[in-house]
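Input: a single structure, listed below in structure tokens.
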Amino acid sequence: MKPSIYSLTRDELIAWAVERGQKQFRATQIWDWLYKKRVQSFEEMTNISKDFVSILNDSFCVNPLKQRVVQESADGTVKYLFELPDGMLIETVLMRQHYGHSVCVTTQVGCNIGCTFCASGLIKKQRDLNSGEITAQIMLVQKYFDDRKQGERVSHVVVMGIGEPFDNYKNVMCFLRVINDDNGLAIGARHITVSTSGLAHKIRDFANEGVQVNLAVSLHAPNNDLRSSIMRVNRSFPLEKLFSAIEYYIEKTNRRVTFEYIMLNEVNDSIKQAQELADLTKTIRKLSYVNLIPYNPVSEHDQYSRSPKERVLAFYDVLKKNGVNCVVRQEHGTDIDAACGQLRSKTMKKDREKVTATK
């Protein structure tokens, strides 16, 4: 299976071309075709010789993804189900915001983190996506904009789809360099957010990268007992280890950390738990932010339900009274398969039923 050329950073593409007897400017031309003109085949690169186009075709594909399902919400949110070359399925979501167009990308096929409320982990991790497969998600959403011819562009990226980004660290970092490159898509680092469930050692590595990309941490509980019961990752990286790494990140980068907190009715949404959360973040209050997230119910996790609005607001009020920077997140795509991993899970179930029916 040929890798996608999207897997290469600009420097790597230059090195690859020079090794094959080409001048550096040839790689720059190819890069422009990929990320500025956004062609979908090497044959469209009209200033590249046929011989070198043949070498490109022998070495790479362009976009490795095939579109399987598209769901569009009344609010303009678009959810894509893409098929990988090996037949595996992944999800990507386009969210229209007042500040621009944000795309949520997937980094793994399945997830091993094992959060008990999440649809992503219904199917265990089967493999990591390579950086080209992650970048290809952005390119196909941008193609959707290009085809509309309204001058729209992907302006923001959130690495919050299926999988744990820091469990696929090398490929995610390569992806970030590709989409942030000023000579390509030029998506600003401060418009990119990477979310982790709390791999403390990788948070430290990320701090040392020196990038301006935003960090979000999926917290979802204010104490170890509850967090370990709903997020298995907490057994390896309890809150003490996690917050030590977060404090290191803040000290090293002087950048704010966002905490994501899904509101689960009568599980993590009490007044007492709001106070615990306020106390937990007290020492980093100036450089932290809490995002309260309405829960999208998942049929396979019917032990959980969405917190009523009055409980969310009461929780929010406690945080605000304690000086915590916080917001209740705006919902997107509530009339489609909104929960992360939900569309993929449903489609795989339908595919299995079709196979069974033909036997």
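In case you wondered, yes, glycine gets a Cβ from its N, Cα and C as well.
In three-state terms derived from DSSP, Glu91 (active site, proton acceptor) belongs to an extended strand segment. Per Swiss-Prot, active site, proton acceptor is recorded for Glu91.
Among the features that Swiss-Prot reports, active site, S-methylcysteine intermediate is placed at Cys340.
Under the heading [4Fe-4S] cluster binding site, Swiss-Prot lists Cys111, Cys115, Cys118, citing sequence analysis as support.
Residues within less than 8 Å, Cβ to Cβ, of Ser195 (S-adenosyl-L-methionine binding site) and separated from it by at least 6 positions along the same chain comprise Val158, Val159, Met160, Pro165, Leu215, Ala216, Val217, Ser218, Glu260. Among the features that Swiss-Prot reports, S-adenosyl-L-methionine binding site is placed at Gly163, Glu164, Ser195, Ser218, Leu219, His220, Asn296, with the record citing sequence analysis.
The disulfide bond annotation in Swiss-Prot covers Cys104-Cys340 and is backed by sequence analysis. Annotation note: Cys104 (disulfide bond) sits in a strand segment as assigned by DSSP. Neighbour count (other Cβ atoms within 10 Å of the Cβ, all protein chains): 24 for Cys104 (disulfide bond).
Averaged across the domain 'Radical SAM core' (97-329), pLDDT in this predicted model comes to 96. Positions annotated as domain 'Radical SAM core' by Swiss-Prot, on the basis of sequence analysis: 97-329.
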Compare the C-alpha of Glu164 (S-adenosyl-L-methionine binding site) with the C-alpha of each of the recorded positions Glu91, Cys104, Cys111, Cys115, Cys118, and give the closest one.
Cys111
Sequence order is fine: just name those binding-site residues in Gly163, Leu219, His220, Asn296 with a Cα within 10 angstroms of Cys118 ([4Fe-4S] cluster binding site).
Asn296
Using Cα coordinates, what distance in whole Å links Glu91 (active site, proton acceptor) and Leu219 (S-adenosyl-L-methionine binding site)?
23
Counting other CB atoms within 10 A of each CB, which of the binding-site residues Cys111, Cys115, Cys118, Leu219 comes out lowest?
Cys115
Provide, as an integer number of angstrom, the distance between the C-alpha atoms of Cys104 (disulfide bond) and Gly163 (S-adenosyl-L-methionine binding site).
12
Counting across all protein chains present, how many other Cβ atoms fall within 10 Å of the Cβ of Glu91 (active site, proton acceptor)?
27
